[in-house]
């Protein structure tokens, strides 16, 4: 009895210490190391954004009379889309590499094919070498993207996870602005040489300033390295008083417990021949296949709503609407709009539910594309002189897309899946999204010819956006403010995180409760109630 009383007193001391930490759960200053690590890890997205937008400035220059590398319309479609078709391959490779080499080492290795690709493009004297360069840069984009998103998911606290994951698209948008701006004033070869700098600098920053994911380190048994990583990530948090444990040690204990659980589960998955069953078995569970089905339809709507078609063919798209505005100048404003809205999007993801953002986003996109398509038709018929309206409509359309439909599907690729398959599942869903993007971008000029012009394509984008509204309303799960365990429990059809079958059915201990969420007021109240019930019993 004295021992139990001593434990209860210790628990109360922990509660008192954790109560003093509750305000830090929403304190940005305390999360600065996590924010720094997330942004630096995502900084490779700058060159990814440049790679994606590069076709928009490259194709118009190659199609000009007197170009030293002349191309056809069919070849221009391949230049734009080939980078996308390489992403699934690179993403699958990244899924394996990040499990064996680590999240950050995979990003560093992505710089090798990326530099080789830019050199190939800069020295290209024919269509084939341009394609070689685009293949290599596309492969590098996948190697650098997937590990960064998984890394941020694992180091960011739940209330900041969505905002920090969105730093990747934000930096990619900055890369697009850089590409459009340089393409308006520089030759495409010079832009390629400069892009090598944007590839190398993020790798140096990661090497100097960012610790490896403690989740991955624990999974590999590197406990001391994981402890150092956690000490860095939580060094701005005040440490609990009246206890022998620091906050980083509490999180390390939680990770170790999770690792033990996963090892126990792995042992149960060993069959009678002594061979471990594949992780692919996780996709046969509701927590695996349900998120994958949702993401397929989500990305299908995203791609054929025109978001990425207007990115890869920005200059060409603006020229097709018949405006008198300079297409290269207008493309810079498109890039600036994407970047500005991506900064706002980080705040929106932190404050508002995902489903609401997607519904607002698709509504705005549908309105903008319908009006823009209407004026594009009038310009074609010569019944209006307001040729600037389609450009304004495109800019507002970009604004609306950045509110939700462009960013949230990518965010959910890391949020929706359980820990044991998250790396591979993210890579598969990311590959699936890029395959859909390839078909959308590759078919742009074909769709334009089939539908009869740019105005009809814009109306198609509007219709798909309306479909996206109803998809979000009826089928999209809400992940805002939910822990990864809560999301997994939702797809498993349970209100609480799944308990390991071999463990005895018992109430979670007070210590476990505190470790899982050491500073939330709601959890503290639950712990206090548990103590009262225990003493009352």
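Here, residue 1 is simply the first one shown, and the rest follow in order.
A Cβ is built for glycine as well, from the same backbone N, Cα and C atoms used for every other residue.
Automatic, uncurated: that is what TrEMBL annotation is.
When the ranges 135-152, 225-242 are checked against TrEMBL, the one recorded as transmembrane segment is 135-152.
Feature annotation (TrEMBL): of 164-184, 248-268, the stretch labelled transmembrane segment is 164-184. In TrEMBL, the feature transmembrane segment is placed on 424-444, out of the ranges 424-444, 487-507. Within the model, the coiled coil (249-276) carries an average pLDDT of 49. Long-range contacts of the transmembrane segment (77-97) within the same chain, counting only residues at least 6 positions beyond its ends with a Cβ under 8 Å from a Cβ of the stretch, are 51-52, 55, 58-59, 62, 71, 105-106, 109-110, 127, 130-131, 134-135, 137-143, 145-147, 312-313, 423-424, 426-428, 430-432, 434-435, 437-438, 441-442, 444-445.
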